[in-house]
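Some features that TrEMBL has for this protein:
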- 1-26: signal peptide (SIGNAL)
- 43-248: domain 'Plant heme peroxidase family profile' (DOMAIN)
- 85: substrate binding site (BINDING)
- 115: heme b binding site (BINDING)
- 116, 168, 171, 176: Ca(2+) binding site (BINDING)
- 122-154: disulfide bond (DISULFID)
């Protein structure tokens, strides 16, 4: 995944390119800066290309991203808890949470495929490994060999808050459909992953995505573009930060 330092460098590169360019649009669109700041997107493209050369573990597949969003002046970490679904949600809860943001159940399953890359802290799933639902045993929906491997990585008596494991057991640094194949093999890391097989509609989507990498990528790209339109600031709202990490003084 992209390091914090690289992410900051990319962010700064982009805003240096557009900070002094007058925006003439008030909505998101592909090629937003084509007229107002012609070099902006090519500069960002070059910076991303350089970053990918340095770390092949970053990047994924290509799709057009709409530009034109501005930064807010308030950002509260506490607000994430009321917007992001926890790893314990069932299908109905997941569907409802995504619906609140305008997504269908199919898009919810599609976006869940983002768990194909990255790691998770052990504290997000150890409840499935030890005394699940008061049974003094593991979650029965979890593959036993996988559970044994997770217990080795996440001991019950560990006090280390930084222990983590890959969310995708097969290709944790590649964006692909192995997340769905893991679920079909009862190797979904979170119960909110594995629970997708308990509902006929979501189970059908899991199977379909596992069979069709190109189909899933197309749906995932469309859903990501849609996600990028949620509650964005455009036009004269918000600000363009000189430093991505802090609001302008």
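Cβ atoms here come from the backbone N, Cα and C positions, even for glycine.
The model shown is predicted, which means the values in this text are computed figures rather than measured ones.
Long-range Cβ proximity for residue 116 (Ca(2+) binding site), meaning a same-chain Cβ under 8 A and a gap of 6 or more residues, is found for 167, 168, 171, 172, 174, 175, 176, 177, 178, 179. Residue 122 (disulfide bond) and residue 115 (heme b binding site) have their C-alpha atoms 15 Å apart, to the nearest angstrom. Sparsest Cβ environment among the recorded positions 85, 115, 122, 154 (other Cβ atoms counted within 10 Å): 85. Of all the binding-site residues listed (168, 176), 176 has the fewest other CB atoms within 10 A of its CB. For the Ca(2+) site, the Cβ centre of 116, 168, 171, 176 serves as reference, and the other residues of the chain with Cβ at most 8 Å from it are 117, 170, 172, 173, 174, 175, 177, 178, 179. Between the CA atoms of the residue listed as 'heme b binding site' and residue 85 (substrate binding site) there is a gap of 13 Å, rounded to the nearest whole number.
Look at residue 171 (Ca(2+) binding site): DSSP puts it in coil.
When the alpha carbons of the residue listed as 'substrate binding site' and residue 154 (disulfide bond) are compared, the span between them is 23 angstrom.
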